[in-house]
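In what follows, a structure is listed as structure tokens, so that the remarks can point back to it.
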Amino acid sequence: MSAKEDAKGRRPGKGKAKSIRILLGVGYWVQGFRCFPWMAVNFFLKDSVKVDSSTLQILQNSVNLPMVGKPIYGVVSDAVYISGQHRVPYIAIGAFLQAMSWLTIVILSQSNISIVTLSLYLLLSNLGASVAEVANDAIVAEMGKSENSQSASSGELQSFVWMASSVGGVLGNLLGGAAIDRFSPQSMFIFFGLLLVLQFLITISVPERSLNLPKSPSNVGIRKQLSELSAALQKPEIAYSIAWFAASYAIIPALTGTMFFYQTQYLKIDAAVLGISKVFGQVVTLLWGIIYNRSLKSVQPRKLIETIQATMAVFMISDVLFVKGIYRQMGVPDSIYIVVFSGVLEVLFFFKILPFSILIAQLCPRGCEGSLMAFVMSAVALAFIVSGYLGVALASYLGVTGNDFSGLPLSLLIQAVCTFLPLFSSSWIPDQKSKTRTE
């Protein structure tokens with residue numbers, strides 16, 4: 001019997017690949033499409049719940065707290081099996097929690113819904129999204145280590161799910177921008193809730209055994225799983241890689257809020273232009289996944305990540321020229337710059353995740369893929385929070401406010417310098433995938 005055949009003499013490739021692509025394609029597409037209802041949330045809070053801007057910002061950040069708990073969900077997914085399965089059931093649970101949350105918000109919003117009640121259901125929705133994302137990421141990581149899956153090992157599966165998420169993001173932004181003027185927020189919530197119901201039904205129809213995931217010890221217990229995660233994090237190549245990756249985000253003072261005020265209040269840019277900018281960014285993200293899959297899979301992750309980091313810094317320097325009016329003097333309209341350059345810079349922050357996730361999949365010991373990948377994403381989430389606080393502190397120190405942008409060019413220059421700094425310690429990232437596979 002061929003080495004490529006299973007114990008029953010069947011070649012597992014096509015059936016397994018189809019099941020995996022259906023499950024992950026739908027999962028990551030819905031994950032990207034989440035921008036659709038969240039676009040309506042802001043209008044609902046402003047127009048229906050009547051919150052002020054500070055309350056809106058506090059709520060937007062607070063409801064993302066479940067994202068920080070991803071390592072916990074990863075440990076549970078790795079250690080606790082449900083009916084002999086430990087990935088698919090968690091995707092189904094995540095879809096169910098999200099669907100229940102959005103549809104319940106629709107029902108409650110027919111009468112007066114309090115800000116506290118709405119926040120709780122949005123928290124529950126993000127909890128469901130986090131659980132589903134952890135399980136999806138764990139499957140991708142497991143397949144990336146599978147000796148029987150050549151395409152997954154080469155990064156094809158990672159780029160496939162990246163593109164699925166990007167397509168969802170493009171459609172979510174396009175449809176959201178068109179629907180917000182034609183339908184009520186409740187109608188948009190219903191539409192997304194029904195999509196989640198469809199995802200739930202598709203997920204429960206895919207038995208985990210059909211995915212032929214790499215074997216891992218079952219029901220090892222949460223304590224043992226935590227011990228294995230701790231052991232994985234003590235490996236220098238893993239610890240240093242994650243530390244560098246998180247620091248490469250945290251060290252950059254985020255000025256997104258300041259730039260938003262500069263574009264809308266000072267330049268008087270229409271909101272539709274900002275929406276188009278986001279769509280353009282999503283399209284670029286989709287193209288990045290395609291280009292990576294076709295041309296960049298053989299490039300060492302470290303070199304690719306370094307290049308992306310340097311490109312981010314160059315775009316930030318370009319923002320300095322934009323704020324100083326250099327491009328305007330060259331005849332480039334502000335709206336064109338915002339759509340193209342600002343749209344690309346916004347998504348460049350996430351380009352590093354694709355090659356880094358492939359590297360971590362290679363480094364990760366078998367049995368703790370879910371918890372380790374979740375730990376990485378949690379570290380990134382915390383890094384973005386730190387980055388945001390640094391941005392607020394920098395803008396405050398240089399006197400940049402909603403009415404005074406005289407210190408903005410210097411702020412952007414400091415931001416660019418901070419983006420360059422991680423390049424001096426990029427040796428923390430292993431540069432040869434062939435030496436990073438961990439059994």
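Please read every residue number as a count from 1 along the shown chain.
Every residue gets a Cβ built from N, Cα and C, even glycine.
As the structure is a computational prediction, the values presented were derived from the model and not from experiment.
Looking at 160-180, 307-327, the range tied to transmembrane segment in TrEMBL is 160-180.
For the transmembrane segment (238-262), the list of distant contacts is 232, 274, 305, 309, 319, 323, 342, 346, 349, 352, 356, 359-360, 363-364, 372, 375-376, 379-380, 382-384, 386-388, 390-395, 400, 402, 405, 408, 411-412, 414-415, 418-419, 421-422, 425-426, 428-430: same-chain residues at least six beyond its ends, Cβ to Cβ under 8 Å. For the transmembrane segment (269-292), the list of distant contacts is 32, 35, 155, 159-160, 162-163, 166-167, 169-170, 173-174, 177, 260, 263, 334-335, 338-340, 342-344, 346-347, 350-351, 354-355: same-chain residues at least six beyond its ends, Cβ to Cβ under 8 Å. Within the same chain, the transmembrane segment (120-140) stays apart from the transmembrane segment (410-429): fewer than three Cβ pairs sit under 8 Å, each pair at least 6 residues apart. Of the two recorded stretches, the transmembrane segment (88-108) does not lie close to the transmembrane segment (410-429), with fewer than three CB pairs under 8 Å once pairs fewer than 6 apart in sequence are set aside. Counted as Cβ pairs under 8 Å, contacts with the transmembrane segment (335-360) are highest for 372-398 among 20-40, 160-180, 187-206, 372-398, 410-429.
Residues of the same chain lying 6 or more positions beyond the ends of the transmembrane segment (160-180) and with a Cβ under 8 Å from any Cβ of it are 21, 24-25, 27-37, 39-40, 43, 136, 140, 187-188, 272, 275, 278-279, 282-283, 285-286, 288-290, 292-293, 354.
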